[in-house]
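Enquirer: Below is a structure I'd like to ask you about.
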C-alpha cells in the first residue's frame, strides 16, 4: 500500500481537501500509476457541484492526467513499470461489440462499475481516514498515485512533457476529434464554434487543420477572442451584441448558415441555436458540451427534415488506446498545438485555486 497526497471531494459543493490517502496495490488486469501532472476540466466541476446523477462521494476526481507506471497487477501485458502513460476515461478493450465497430469509440467493458466509482471487481483502491473513497471516470488523477484498469491506459512517447500532454486525456482530444472525426470538416467550409474554452479552442484547431476557410467563434467573454484567433478563428462574436437570436445572425452572416457548428458549453439552448445556425440541406451540428442531468434538447423537426444533421461526440470519437499515443506523436512533431492551451501551472496544493480560475474563464 502506498501512502500519498490526494485531493478528496468529501461532499458535493465543498472545496477539495488535500489528504493523505492509502492506495492499494493493483489487482489482476490493473495498473498503478504515479501521476506527474493533471489538468482540471469542467466535468470535474460538474460532478463536484452535485449536479451529476452518477456522482458518488467521497471521491477523488480528475480525468486529464499523465504519469509513470509504478506497478502492474497479474495478467497485465500492455504496459510495465517505468512506462509513460495517459489514463483513459473511455477505455478500449478491443473485445466488446463497441470496440469491434469502427463507428464508435464507446467501449462498454467496464462502463457499469466505472459509473459507480469502482474498479471492475466492484471495489475501490482508495482509503482515507478509514473510509472507502470512490474512483472517478476510471482515472482519479487528483492523486499522486492512482489505480486504473489495464484497458484504461495509453502508453505514450517517454520524451513527451507530461505537464502538457495530460491535456490529451480529455479536452484537446475531444475538441480536435469533434472536428476531424465526428463532423469530418471539409476544406473550404464555414464553421461556427460556440464556447471558446479549452474544448472550443481545440475544435477551432481541428477545423483549421481540416482546411475550413471561415471559422466563427461565439462567446460572451470577449477576453477569449484573441486566443481564439491565434488558434484559427477568422472572427468572433458575442450574442449580447445583437437584438436577434444568434442563429439568425449567423444565417445572415454566412448566406444561409454554416456548414458545421459545434456546441462546446453544455447549454441546451445553445445546442438548439447551434443546430439552427446550420445551412439547410447539408449543415451538421455536433454537441460536444455535457448538459446537466435531466435536461432535454428541442428544435422544430422541420430543421432536420430540411437536411440538417444533429450529432454528438464523446472524447472526439478517438479509439483511445490506439489514438492517444498518435495524438502525442502529432504534438511532438508540431502537427497539433498543446502548449498553447496551458494558461496556468500551479502546485498540487493550489488545486482549488485552479477551479476558481476555470470558473472565472481564465
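Please read every residue number as a count from 1 along the shown chain.
From the backbone N, Cα and C atoms, a Cβ is placed for every residue, glycine too.
So TrEMBL has the following annotated:
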type	residues	note
DOMAIN	28-156	domain 'Alcohol dehydrogenase-like N-terminal'
DOMAIN	198-326	domain 'Alcohol dehydrogenase-like C-terminal'
Enquirer: What average pLDDT is reported by the model for the domain 'Alcohol dehydrogenase-like N-terminal' (28-156)?
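Expert: The average pLDDT of the model in the domain 'Alcohol dehydrogenase-like N-terminal' (28-156) works out to 97.
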Enquirer: Please count the residues of the domain 'Alcohol dehydrogenase-like C-terminal' (198-326) that DSSP assigns to helix (H, G, I), strand (E, B) and coil.
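Expert: Across the domain 'Alcohol dehydrogenase-like C-terminal' (198-326), the residues distribute as 57 helix, 22 strand, 50 coil.
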